[in-house]
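Trainee: According to Swiss-Prot, the feature ATP binding site maps to Gly169, Asp170, Arg171, Gln172, Thr173, Gly174, Lys175, Thr176. Positions annotated as site 'Required for activity' by Swiss-Prot, on the basis of sequence analysis: Ser363.
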Amino acid sequence: MSIRPDEITSILKNQIEQYQLEVEMAEVGTVTQVGDGIARIYGLDRAMAGELLEFPGDIYGMVLNLEEDNVGAVILGPYTHIKEGDQVKRTGRIVEVPVGEALIGRVVNAMGQPIDGKGPIQTDKFRPVESPAPGVVYRQPVNTPLQTGLKAIDSMVPIGRGQRELIIGDRQTGKTAIAVDTIINQKGQNVICIYVAIGQKASTVAGVVQRLEEAGAMEYTIVVMATASEPAPMLYIAPYAGCTMGEYFMYEQHRDVLCVYDDLSKHAAAYRELSLLLRRPPGREAYPGDVFYLHSRLLERAARLNDSLGGGSLTALPVIETQAGDVSAYIPTNVISITDGQIFLESDLFYAGQRPAINVGLSVSRVGGAAQIKAMKQVAGRLRLDLAQYRELAAFAQFGSDLDKATQARLARGERMMEILKQDQYQPMPVEEQVVVLYAAVNGFLDDLPVARVRAFEKDFLRFLRNERPEVLAGIREKRQLDDNLQEQLKKSIEDFKGSFTAAGES
């Protein structure tokens, strides 16, 4: 076989013309120590705080400690295959999560990856998990209500769009139930809801997701889940990721968003674990010195934006679990001081059958009053005062039986008011129905009913109004206040219904 130089030359020329020089530069470091979700890396002298690092096996980490001769990083995912001597690359990016409409109705992990088996999330939009809170000039006062559908909250501890309202109480007092009820009540209100589950059992979160699906609430809800079985870094990042997903709708689409963080006690514990493993100096209750900043930078991102930024809002409902009702512990006092009020749940009330178990005396809303509709203000002002007097008299009445008529009447009305504030789980109530029920209670229309029949009266009276007098409910819904004409109609409706209800009860 003869060698043809011209053919060889043409092949070589062709190869040279098609040759593309690709130089990939990467800053690489070496793992010197790894364990418990923490890695120490030597050689990444130019790494930034919060930067994303690439570990072998397509696992990422986040730089938290910048030290003299190494960096400390938390590993965002499984870390058992990472070993000493492995190479780690800088990415030059900070931690980002996917955002956008495609996430609505999905269950994702703290990195925004789907875990509900419904396929990949189709979005090309990303936002960094850490972003600065809007400044004072970019905000406007809270003035629009966010109805929870719970009589005790909407009347006495009202929440406005853009507010931060803490839900605090012992374990098993109904904290998650209040948050889930609030999400269900946003149906048809054009509010995007984000439920962030931090450090909970996977079975518990699955139950919440199922409940939301049954109520049709997953159509406007994103669930971000970092369960108890996941590494501490995932629990640490989860609430920031959820907040970022909400901020997209607030800033880009000018919509109202509700973000539930359930719960921040476990979030603080995860951060304490990371900080101690990174050898940061411990402070009170072994939490690091910046644990206040951990929660303040998250909750300050909740805001009601002014019209120049589109007027969207992000409302935060953080949850805190107390030990034996101790609200003066470190994390509870921190979060109470950051938020605009708190809903305090008591186990004694819960076990006594008062559900939701809200302690009205210790619960407060610092800005939500401005967001209440006028009709609710008209009935709720008296309600809080009457309940405060009832609690005082009830404590006093334990010591003596000789009570005058006026005191007995106050106690009787107080009992009926406490009864009317009870509400079944997953049964949120429209605000106009709350107003008519509370109007009947504060104006003494229930005083002559046996306490055991108060709930039945409420149920039947609302059915009567819906079927026989829908104009009363429609009037409150449209006017948002009780004018003289509406009050007359409402009084007449109560009296008409009460006659038939009392007669039915006696028969």
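Going from the start of the chain as shown, residues are counted 1 onward.
Heads up, the Cβ atoms here are built off N, Cα and C, so glycines get one too.
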Trainee: By the count of other Cβ atoms within 10 Å, pick out the sparsest of the binding-site residues Gly169, Gly174.
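Mentor: Looking at the binding-site residues Gly169, Gly174, the Cβ with the fewest others within 10 Å is that of Gly174.
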Trainee: Taking Asp170, Thr173, Lys175, Thr176 as the binding-site residues to compare, which has the smallest set of other Cβ atoms within 10 Å?
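Mentor: With the binding-site residues Asp170, Thr173, Lys175, Thr176, fewest surrounding Cβ atoms within 10 Å: Asp170.
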Trainee: Cα-Cα separation of Ser363 (site 'Required for activity') and Arg171 (ATP binding site), in Å?
Mentor: 17
Trainee: If you count the C-beta atoms lying within 10 Å of each candidate's C-beta, which of the recorded positions Gln172, Ser363 ends up with the smallest number?
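Mentor: Output over recorded positions Gln172, Ser363: least Cβ neighbours within 10 Å is Gln172.
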Trainee: Give the number of CB atoms, excluding that of Arg171 (ATP binding site) itself, located within 10 Å of its CB.
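Mentor: Step by step: centre on the Cβ of Arg171 (ATP binding site), count other Cβ atoms within 10 Å, giving 11.
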Trainee: Three states by DSSP: which one describes Ser363 (site 'Required for activity')?
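Mentor: Coil, per DSSP.
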Trainee: Taking the recorded ATP site as Gly169, Asp170, Arg171, Gln172, Thr173, Gly174, Lys175, Thr176, identify the other residues of that chain whose CB atom sits within 8 Å of the mean position of the site's CB atoms, giving them in sequence order.
Mentor: Glu321, Leu345, Ser347, Phe350, Ala357
